[in-house]
Amino acid sequence: MTFITETHKHTLGLVLIVVTALILGTIPAAIKEAIASLSPATQFAIRFTIAAIILTPFLRNLNVKLVRDGAMLGVLLFGVFATATIGLETISANQASFIFGLNMVFVTLFELLFRKRISMRALLAVILAFTGIGVMSWKSGESAIGNLWLLSSALSDAAYIIVLEVFSPNHSPIPLVTIQLWVVAVLGLLWAAPELTQHIETIQASLGVLIYLSVVATVLVLLFQTLAQQWISAHEVALFLALEPVFGAIFAFLLLGETFSVRSFIGAVIVLVGISLILIPAKIDESDSQPPQLQESTVRDGTPLKGEVLLGVLNNEREIEELF
């Protein structure tokens with residue numbers, strides 16, 4: 001009989017974050033397609049309203065702490081996606097992916113600041129990352145404005161990742177995600193209210209991409225990340241989400257036919273170097289990182305300890321219930 005140990009949870013958390021990075025890589029291309037016919041506000045409002053409705057039947061065991069924490073995360077999440085959607089009006093999907101990848105730099109910087117451990121390596125990584133963005137956006141002022149929106153999105157996402165690491169262990173994933181989605185949906189509907197009725201026919205024509213953005217790129221991404229961050233650290237999330245710009249560039253090419261100019265390619269490489277510089281060494285050098293400890297239900301030397309079979313079964317059933 002197999003038990004879900006802390007080691008298994010840690011591995012599953014890493015797998016979920018890699019899948020999350022893959023899905024996130026499709027989002028810029030999907031949003032570009034949606035806002036080709038819909039306004040950013042309308043696309044945003046419909047996307048998150050559908051996502052919130054999907055999870056509402058699973059919303060249970062409400063309490064003040066759950067609503068408070070979910071609302072705080074929802075406001076941060078609104079900042080993440082609203083600024084990214086606006087920015088994608090003026091820059092390409094592949095470029096947006098690399099700029100959004102700076103959220104990994106911000107996560108590590110926040111952690112270093114909180115621990116008062118700012119290193120020269122971290123400062124160099126930030127300089128490289130922002131230099132890369134400057135190279136990518138040199139060609140036009142319009143693109144630079146889009147880059148600023150994406151930078152705001154990356155900063156908001158870094159804050160979201162860190163706050164989620166604090167809140168997620170205290171709540172069941174599905175109710176926490178549902179509260180977040182309703183907060184984002186309500187804010188999105190307020191944003192889109194002046195123009196929503198003008199896009200009824202266009203919404204119907206774009207229903208396919210809107211459903212993808214709602215179900216896969218919103219519901220699944222938030223569930224995967226919320227569940228994963230119960231088992232892995234914010235730094236590990238940042239490390240593996242650094243794959244998102246690469247996936248984003250691939251999907252932008254496959255779905256939209258976008259390619260990098262020489263300048264944009266050079267800038268993207270500089271950004272990746274900056275991200276790698278701050279993340280990989282920090283993971284290796286992190287002195288307070290400890291290997292996951294196994295639960296009492298762990299099998300030792302191939303033989304379950306006395307009473308551990310029953311404990312393992314009860315733990316597994318409890319973990320399934322706690323999703324809801």
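Placed from the backbone N, Cα and C atoms, the Cβ positions cover glycine too.
Here is what TrEMBL says about this protein:
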type	residues	note
TRANSMEM	12-31	transmembrane segment
DOMAIN	12-137	domain 'EamA'
TRANSMEM	37-59	transmembrane segment
TRANSMEM	71-91	transmembrane segment
TRANSMEM	97-114	transmembrane segment
TRANSMEM	121-138	transmembrane segment
TRANSMEM	144-167	transmembrane segment
DOMAIN	145-279	domain 'EamA'
TRANSMEM	174-193	transmembrane segment
TRANSMEM	205-225	transmembrane segment
TRANSMEM	237-256	transmembrane segment
TRANSMEM	262-280	transmembrane segment
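Helix, strand and coil content of the domain 'EamA' (12-137), in residues and according to DSSP, is 103 helix, 0 strand, 23 coil.
In terms of C-beta pairs under 8 Å, the stretch of 37-59, 71-91, 97-114, 174-193, 205-225 lying closest in packing to the transmembrane segment (12-31) is 205-225.
Same-chain neighbours of the transmembrane segment (37-59): 31, 81-82, 85-86, 88-89, 174-175, 177-179, 181-182, 184-185, 188-189, 191-192, 195-196, 199, 202-203, 205-206, 210-211, 213-215, 218-219, 324, counting only residues six or more beyond its ends whose CB sits under 8 Å from a CB of the stretch. Per DSSP, the secondary structure of the domain 'EamA' (145-279) breaks down as 117 helix, 0 strand, 18 coil. Outside the transmembrane segment (262-280), and at least 6 residues removed from its termini, the chain residues within Cβ reach (under 8 Å) are 92, 94-95, 98-99, 101-102, 104-105, 108-109, 121-122, 124-139, 235, 238-239, 242, 245-246, 249. Segment contact holds for the transmembrane segment (174-193) and the transmembrane segment (71-91), given three or more CB pairs below 8 angstroms at sequence separation of 6 or more. Between the transmembrane segment (71-91) and the stretches 97-114, 144-167, 205-225, 237-256, it is 144-167 that has the most C-beta pairs under 8 angstroms. Here the transmembrane segment (97-114) sits against the transmembrane segment (237-256); at least 3 CB pairs are under 8 Å, leaving out pairs fewer than 6 apart in sequence. Through the fold, the transmembrane segment (205-225) approaches residues 16-17, 19-20, 23-24, 26-27, 30-31, 33-34, 37-38, 43, 46-48, 50-51, 54-55, 77, 164, 173-174, 177, 180-181, 237 of its own chain, all at least 6 residues removed from its boundaries and within a Cβ separation under 8 Å.
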